[in-house]
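**Student:** Have a look at this one before I ask anything.
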């Protein structure tokens, strides 16, 4: 028989197999034909007519119609996300280890050592993934600058790591962000995903509730549909939706503040218990959880903002995605303070949180941009939220708001 298989990313392929064979044999055939990295047997879940196929059961028992398709869901191993950012950075120091060692000796003899060269000897002896991206590329750039110009070595060596750090930091941040949001769908992809999961035999309301509970992660949404939504997240998602506009204007900026203020906390608190547990005591995280539960599609933008403000925190999130999602699913604690309004001119926009008012300063140009977005017919709270989430880019914010309106319709 010929089995048509379809992934949650809407990739379709066919496998020829004897119906007397077991489901596990089909999984092994998928792995051999499509690759062990993309479709490992241990990570495959085959779903037909809303049921997970049992490995030891023969295919004929499920009466699979060749005109229909079997859904393939692949769960990625947790360890894969850890070395990803570091592997791209390690190749450069590895290839220049010999040059680096000679560079270190010449710099040591210089009359005035440059502080930026302190980490030069590190990559020669340290290669684990825990080494930071910013310290690794420094010797590579130092070696390149030392070789052609030995006399004025101090000037280029001191300045070159800055450029290298910024580029490597950006690339590692983008890798972390892609890793953290790779499983999320928004916009038109969201609608396609709803249709795709409905084709497994579920009602639209069930699918939307599962996607909401999983924050638009299709793999986890299917698991919720099969196993049940934990903690009745379905009912929590509908509680108090109007508060989004009244609790405060730029809640995404509160998340940025949380990211900026938790760098030190991460290093001190993560030693005891789970690395993300410290977030529970952060009022900014409470606000973020409330925002995301009311509007899950904001999660990618907020993760991107965290990546800019605190890449270490984003790395922790990407390494512990399931725990992070679980924390976001927890009931929101009662927040103190009432919602605030907007100021005029170059004044500030009020934001509620933790029993007192916070103000975000905006320029007259930013105020005008917010007013133009409000003129499109969106409430002020949502406009400000979108404007800050989109890095004060008016066009992106407008597209985001229009997309939100389309999704709700």
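Heads up, the Cβ atoms here are built off N, Cα and C, so glycines get one too.
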**Student:** Region 'Disordered' per Swiss-Prot: which of the ranges 195-235, 236-276, 277-317 is that?
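**Tutor:** That would be 236-276, per the region 'Disordered' entry in Swiss-Prot.
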**Student:** Out of 155, 363, which one does Swiss-Prot list as phosphothreonine?
**Tutor:** 155
**Student:** Could you give me the DSSP helix, strand and coil counts for the domain 'STI1' (274-317)?
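**Tutor:** The breakdown for the domain 'STI1' (274-317) reads 38 helix, 0 strand, 6 coil.
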**Student:** Might you list, by sequence position, any residue in that chain lying six or more from residue 202 (phosphotyrosine) with a Cβ less than 8 Å away from its Cβ?
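**Tutor:** Result: 50, 210, 225.
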**Student:** Could you list the residues of the same chain, at least six apart in sequence, whose Cβ is under 8 A from the Cβ of residue 199 (phosphoserine)?
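**Tutor:** Residues satisfying the criterion: none.
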